[in-house]
Amino acid sequence: MSRLILLRHGESAWNARNLFTGRVDVALTPHGERQSRDAGELLRALGLAPDAAHCSRLRRAWHTCALTMDAAGRGAAPVAAVRALEERDYGSLQGRDREAVLRELGEAEFRRIRRSADARPPGGESLADVSARLLPYWHTRIAPQLTAGATVLVVGHSNSLRALAAHLDALSPTELLGLELPSGIPLLHELDPALRPRRRGGRYLHPAAAPAAEADPERPLRAGAE
Ligand SMILES: O=C(O)[C@@H](CO)OP(=O)(O)O
């Protein structure tokens, strides 16, 4: 059985200010750094120290990845920082205050722009665009390591990881709309030899979130909205 751990970067400076971020290269907050170390310590404690890691080239992701791998005792393991895992380009929304955009667009359109597969803000990417650049990397670089039995950590962003989770779990459009990935909490997928998840949605590895996820089978797909 292979183990894939998805980890959205820890809290960034713009998460803390509730701004659309996309490809803007902002740093982690001290809280985000702590979340990253905690994630690594948890992985080590659970016997899930990764053999290899892949992360986005944006600093909030590679910094999370480095802190997590160090804390997991795997500071010397191979790490690939790649464009394929970078956050969705949010185009004209980057740098804008979410509350202001919500007021402008109304709830339904705000949700569609953020969470549907095909909405594309001017100058930006849709989630389908993100999948198109991410999945070839998944198939050629990540999947073979998993097939060989490695425990692999993937550190990305709200939307690059939503694209990957949508592929892994074959999410319906409605499930995709509802999928929110929390910052800094590892999400474990145990995969069969064909790399299909043994449990749809995976399982959050967080001392607080895990019991809730166990109690409600739907919860792993939705846990931890920002
Ligand atoms: O601003 C962004 O880049 C992302 C993640 O913070 O936003 P959202 O959650 O709306 O996809």
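Quick reminder: no glycine exception, Cβ is built from N, Cα and C everywhere.
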Quick one: sort out which of 7-26, 47-66, 127-146, 207-226 is the region 'Disordered' according to TrEMBL.
207-226
Those residues of the chain, 6+ apart, with a Cβ under 8 Å from that of G22 (substrate binding site)
E87, R88, D89, Y90, G91, L93, Q94, G124
Using other CB atoms within 10 angstroms as the count, which residue among the recorded positions E11, E87 scores least?
E11
Sorting the recorded positions R8, H9, E11, W14 by sequence and keeping only those with a Cβ under 6 Å from ligand 1 gives none
